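As annotated by TrEMBL, domain 'Amino acid transporter transmembrane' applies to 79-461. The feature transmembrane segment is assigned by TrEMBL to 86-105, 111-131, 157-179, 199-220, 227-248, 268-287, 299-319, 339-361, 382-405, 411-430, 442-461.
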Amino acid sequence: MWNKIQKSIWKLPCPEADSPPHQNIQVATETDVHGEKLALQWVGCDACVENKGSMCDHSTQDLKSVVNEADVEDHTEANSSFAHSVINMIGMLIGLGQLSSSYALENGGWASAFLLVGIGVICAYTSHLLAKCLEKSPRSRSYADIGQHAFGSRGRVLALTFIDVEIFLTLVSYTIALHDNLTTVLAGTQLRLPIWTKLSTSQLLTMIGVLVALPSLWLTDLSSISYLSSGGVLMSIIIFTSVAYLAIFQVVKANHSIPVLHLHKIPAISGIYIFSYAGHIVFPNLYKSMKDPSRFTKASTVSFASVIALYTSLAFTGAKLFGPEVSSQITLSMPRHLIITRIALWATAIAPMTKYALMFAPFSVQIEQSLPGSFSARTKTIIRGAVGSLLLLIILTIALSVPYFEHVLNLTGSLVSYSICIVFPCAFYIKISSVQLSKFSLILNATLLAIGLLLGVAGTISSSKSLFTSLKRDHSA
């Protein structure tokens, strides 16, 4: 269906300026956004000029026929059951957050678990707000569409900008995790590059890992990319099972006490907590894929309840097992001599390599859509792959230059995830439903919006200071 819609729309002329604006069509595929999260693909008529009075020779009727055809096909694909939707949502929400929840709880104190749970509840509620926005705007099919419905083209641009930044920073975090875990599992390995002796063994190992994953950026078949990414979900299961094994069989004694509360560290960990629930950019697509969209809120409630329970139990387990020595990535705290540890380390190192292609898809499609229509499909593929490879090398450079997983993760959550998960959904809902909104609902959503802004700003300042301090310290050393 995707190819059919894409080819049809590329052949279309742009509607006249006075005609209704064309609808961008987005296709979501599972990722970890956090994770994990999603690849958005959108197509449209690049020749269209939005300025009043500009014309092109494409007929509006042709555009409508293709959109109607797409709507029919999308409707036939809305076959996701309630159970399937819950599984998909849980799969998207579980990601890098499971590595750092123990670290965050140990640093924030056991009372910060209320913040972990509270943020999860708020995110579950804001997913419901997105569903309400979609109900009021049936033509909206994506997160960016909701932003456009609420605030026009500026809302779309703002939403897409934050989505791109979140994906970019998430990929940096994944690459840092690749570096840390690959270096640990291959400890003792010595590598040297004669032409560049300044590169350490850990940096060379990370470069090799990224180069192994780099060819996946040239894939154009979405089904192949999705299949590759499914390995990331398996890696997450392995990591959780490994930690559970240590606790259940008492391989490591859970005899550490957890401090009550470190209030001054809350801004430094709040971004990690919100990042653990970052999946809102794909929720509109999940909503549209359900057989019965009216059950979306129930599905999100079940999904978030499951993920909150998982993160909370994992946070307390890791903090009790390793205490103050717990790493920002729990796999790095596990006893090195155990086989189960090596399995967990390899799983954490391999997971990022399965994510690159899918998470790069939004950038890839934007690049392809910006190219002249006269270019052949092969030329577009080459340019898209080359630019994607360059971006991955830039991400690699940043990850090796700023190898501070916890600070980058907190910065990602604070800088963009609070906006995407809490601030924007509340703002969209208030704007779209302003006429029917009750006073209580207005106060509630405005309050949540303010809380999201406050935690986001505080976390961004805290993580930025910590990042610069770490960079300055290492530079001095």
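In case you wondered, yes, glycine gets a Cβ from its N, Cα and C as well.
Just so you know, TrEMBL annotations never went through curation; they're auto-generated.
The transmembrane segment (157-179) is in contact with the transmembrane segment (199-220), judged by 3+ CB-CB distances under 8 Å for residue pairs 6 or more apart in sequence. Between the transmembrane segment (339-361) and the transmembrane segment (111-131), the number of CB pairs under 8 angstroms, six or more residues apart, is fewer than three, so the stretches are not in contact. Looking at 111-131, 268-287, 411-430, 442-461, the range that has the most CB pairs within less than 8 A of the transmembrane segment (86-105) turns out to be 268-287. For the transmembrane segment (442-461), the residues of the chain that approach it from at least six positions outside its boundaries are 122, 125-126, 129, 266-268, 270-271, 274, 410-411, 413-415, 418-419, 421-423, 426-427, 429-430, judged by C-beta separation under 8 angstroms.
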